[in-house]
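Residues or ranges marked as signal peptide in Swiss-Prot (evidence: similarity to another entry): 1-16. The topological domain 'Extracellular' annotation in Swiss-Prot covers 17-147. The annotation domain 'LRRNT' is assigned in Swiss-Prot to 17-51. Residues or ranges marked as N-linked glycosylation site by Swiss-Prot: N60. Residues annotated as repeat 'LRR' in Swiss-Prot: 60-83. If you look up Swiss-Prot, you'll see 85-137 marked as domain 'LRRCT'. According to Swiss-Prot, the feature transmembrane segment maps to 148-168, an assignment based on sequence analysis. Positions annotated as topological domain 'Cytoplasmic' by Swiss-Prot: 169-177.
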Amino acid sequence: MTTWGLLFLLWPATTDTQACPRPCTCQSLETMGLKVNCEGQGLTALPVIPAHTRQLLLANNSLRSVPPGAFDHLPQLWDLDVTHNPWHCDCSLTYLRLWLEDHMPEALMHVYCASPDLATRRPLGQLTGYELGSCGWKLPPSWAYPGVWWDVSLVAVAVLGLILLAGLLNTFTESRN
(Lines of atoms letter the chains of each structure in order from A and count residues from 1; the text may use other names and numbers.)
(Lines give C-alpha, C1' and ligand atoms only; values in the text may rest on other atoms or scores of the structure.)
Protein backbone atom coordinates (compact mmCIF):
# COMPACT_ATOMS: atom_id res chain seq x y z
CA MET A 1 0.00 0.00 0.00
CA THR A 2 2.89 2.40 0.69
CA THR A 3 4.17 1.95 -2.87
CA TRP A 4 0.80 3.03 -4.27
CA GLY A 5 0.70 5.99 -1.88
CA LEU A 6 4.17 7.12 -2.97
CA LEU A 7 3.21 6.70 -6.63
CA PHE A 8 0.05 8.74 -6.03
CA LEU A 9 2.09 11.55 -4.42
CA LEU A 10 4.68 11.60 -7.22
CA TRP A 11 2.17 11.44 -10.08
CA PRO A 12 1.64 15.26 -10.37
CA ALA A 13 5.41 15.83 -10.38
CA THR A 14 6.00 13.44 -13.27
CA THR A 15 3.12 14.79 -15.36
CA ASP A 16 4.30 18.38 -14.84
CA THR A 17 7.86 17.64 -15.93
CA GLN A 18 6.58 15.74 -18.98
CA ALA A 19 4.91 19.00 -20.16
CA CYS A 20 8.26 20.79 -20.00
CA PRO A 21 8.85 22.97 -23.08
CA ARG A 22 11.91 22.28 -25.19
CA PRO A 23 14.77 23.18 -24.80
CA CYS A 24 14.04 24.09 -21.17
CA THR A 25 14.50 21.90 -18.13
CA CYS A 26 11.81 21.45 -15.49
CA GLN A 27 12.03 20.52 -11.85
CA SER A 28 9.21 19.87 -9.41
CA LEU A 29 9.26 22.12 -6.36
CA GLU A 30 8.32 21.10 -2.84
CA THR A 31 5.58 23.74 -2.99
CA MET A 32 3.63 21.66 -5.55
CA GLY A 33 4.74 23.85 -8.40
CA LEU A 34 7.23 23.69 -11.19
CA LYS A 35 10.53 25.42 -11.86
CA VAL A 36 11.00 25.97 -15.60
CA ASN A 37 14.59 26.84 -16.49
CA CYS A 38 15.04 28.22 -20.01
CA GLU A 39 18.17 30.25 -19.26
CA GLY A 40 20.71 30.65 -22.05
CA GLN A 41 18.80 28.61 -24.64
CA GLY A 42 18.82 31.25 -27.39
CA LEU A 43 15.03 31.59 -27.29
CA THR A 44 13.59 34.26 -29.59
CA ALA A 45 9.99 33.61 -28.49
CA LEU A 46 8.36 32.38 -25.32
CA PRO A 47 7.74 28.63 -25.24
CA VAL A 48 4.43 27.21 -24.01
CA ILE A 49 4.74 27.31 -20.24
CA PRO A 50 2.99 24.69 -18.05
CA ALA A 51 0.14 26.10 -15.95
CA HIS A 52 1.63 25.03 -12.59
CA THR A 53 4.86 26.98 -13.10
CA ARG A 54 5.98 28.88 -10.00
CA GLN A 55 9.49 29.82 -11.16
CA LEU A 56 10.27 30.79 -14.74
CA LEU A 57 13.86 31.54 -15.69
CA LEU A 58 14.19 33.20 -19.11
CA ALA A 59 17.47 35.09 -18.59
CA ASN A 60 20.26 35.20 -21.20
CA ASN A 61 18.15 34.53 -24.28
CA SER A 62 17.29 36.55 -27.37
CA LEU A 63 13.80 37.61 -26.33
CA ARG A 64 12.73 41.02 -27.64
CA SER A 65 9.05 41.12 -26.68
CA VAL A 66 6.36 39.33 -24.71
CA PRO A 67 2.91 38.83 -26.23
CA PRO A 68 -0.01 40.26 -24.26
CA GLY A 69 -1.48 37.70 -21.86
CA ALA A 70 1.60 35.45 -21.94
CA PHE A 71 1.58 34.93 -18.15
CA ASP A 72 -2.16 35.18 -17.53
CA HIS A 73 -2.57 31.39 -17.38
CA LEU A 74 0.14 31.14 -14.69
CA PRO A 75 -1.59 32.16 -11.43
CA GLN A 76 1.11 30.49 -9.29
CA LEU A 77 4.04 32.27 -10.98
CA TRP A 78 5.93 34.21 -8.32
CA ASP A 79 9.50 34.25 -9.64
CA LEU A 80 10.22 35.44 -13.18
CA ASP A 81 13.74 36.20 -14.41
CA VAL A 82 13.79 37.96 -17.79
CA THR A 83 17.12 39.77 -17.38
CA HIS A 84 19.87 39.84 -20.01
CA ASN A 85 17.64 39.74 -23.08
CA PRO A 86 17.80 42.28 -25.94
CA TRP A 87 14.41 43.81 -25.11
CA HIS A 88 12.89 46.13 -27.71
CA CYS A 89 11.22 48.59 -25.36
CA ASP A 90 8.26 49.88 -27.28
CA CYS A 91 4.54 49.37 -26.79
CA SER A 92 4.92 45.62 -27.44
CA LEU A 93 6.59 45.39 -24.02
CA THR A 94 3.74 47.14 -22.19
CA TYR A 95 2.25 43.82 -21.03
CA LEU A 96 5.56 42.69 -19.48
CA ARG A 97 6.01 46.03 -17.77
CA LEU A 98 2.50 45.97 -16.29
CA TRP A 99 2.86 42.32 -15.23
CA LEU A 100 6.14 43.07 -13.46
CA GLU A 101 4.65 46.18 -11.81
CA ASP A 102 1.84 44.04 -10.40
CA HIS A 103 3.85 40.97 -9.36
CA MET A 104 7.56 41.85 -9.05
CA PRO A 105 8.06 45.65 -9.08
CA GLU A 106 11.69 45.40 -7.96
CA ALA A 107 12.53 43.46 -11.15
CA LEU A 108 11.67 46.44 -13.37
CA MET A 109 15.00 48.05 -12.54
CA HIS A 110 16.92 44.95 -13.68
CA VAL A 111 15.31 44.56 -17.11
CA TYR A 112 17.31 46.69 -19.57
CA CYS A 113 16.30 47.81 -23.03
CA ALA A 114 18.49 47.12 -26.06
CA SER A 115 16.43 49.21 -28.47
CA PRO A 116 15.12 51.63 -29.73
CA ASP A 117 17.74 54.36 -29.35
CA LEU A 118 15.56 56.40 -26.99
CA ALA A 119 15.50 53.53 -24.49
CA THR A 120 18.87 51.80 -25.02
CA ARG A 121 20.60 50.70 -21.79
CA ARG A 122 17.78 52.05 -19.63
CA PRO A 123 15.78 49.96 -17.14
CA LEU A 124 12.23 49.21 -18.21
CA GLY A 125 10.99 50.70 -14.95
CA GLN A 126 12.38 54.14 -15.83
CA LEU A 127 10.56 54.49 -19.15
CA THR A 128 7.51 56.69 -19.43
CA GLY A 129 4.46 55.85 -21.50
CA TYR A 130 5.68 58.30 -24.13
CA GLU A 131 9.02 56.50 -24.38
CA LEU A 132 7.31 53.12 -24.76
CA GLY A 133 5.39 54.46 -27.73
CA SER A 134 1.76 54.39 -28.64
CA CYS A 135 1.50 51.34 -30.96
CA GLY A 136 -0.71 53.38 -33.22
CA TRP A 137 -3.18 54.11 -30.45
CA LYS A 138 -4.41 57.63 -30.92
CA LEU A 139 -7.14 59.39 -29.05
CA PRO A 140 -9.40 61.29 -31.41
CA PRO A 141 -9.80 65.01 -30.75
CA SER A 142 -12.54 65.65 -28.23
CA TRP A 143 -14.75 67.32 -30.87
CA ALA A 144 -14.72 64.13 -32.92
CA TYR A 145 -17.03 62.38 -30.45
CA PRO A 146 -20.71 62.52 -31.40
CA GLY A 147 -21.57 62.83 -27.71
CA VAL A 148 -19.87 66.23 -27.53
CA TRP A 149 -22.13 67.62 -30.26
CA TRP A 150 -25.15 66.17 -28.51
CA ASP A 151 -24.13 67.94 -25.29
CA VAL A 152 -23.59 71.24 -27.13
CA SER A 153 -27.02 70.90 -28.77
CA LEU A 154 -28.71 70.23 -25.43
CA VAL A 155 -27.05 73.26 -23.84
CA ALA A 156 -28.12 75.45 -26.79
CA VAL A 157 -31.73 74.23 -26.53
CA ALA A 158 -31.71 74.81 -22.76
CA VAL A 159 -30.40 78.37 -23.20
CA LEU A 160 -33.01 79.09 -25.88
CA GLY A 161 -35.70 77.66 -23.61
CA LEU A 162 -34.60 79.91 -20.75
CA ILE A 163 -34.61 82.96 -23.05
CA LEU A 164 -38.14 82.12 -24.24
CA LEU A 165 -39.31 81.53 -20.67
CA ALA A 166 -37.82 84.85 -19.54
CA GLY A 167 -39.50 86.59 -22.50
CA LEU A 168 -42.87 85.03 -21.66
CA LEU A 169 -42.57 85.97 -17.99
CA ASN A 170 -41.60 89.50 -18.96
CA THR A 171 -44.59 89.76 -21.36
CA PHE A 172 -46.95 88.30 -18.75
CA THR A 173 -45.82 90.70 -16.01
CA GLU A 174 -46.07 93.72 -18.37
CA SER A 175 -49.60 92.78 -19.46
CA ARG A 176 -50.74 92.51 -15.81
CA ASN A 177 -49.53 96.01 -15.09
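Backbone N, Cα and C atoms are what each Cβ position is placed from, and that goes for glycine too.
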Should anything in the same chain at least six residues away from the topological domain 'Cytoplasmic' (169-177) have a Cβ under 8 Å from its Cβ atoms, list it; otherwise answer none.
none
Taking all protein chains shown into account, the Cβ-based neighbour count within 10 Å for the residue listed as 'N-linked glycosylation site' is 16
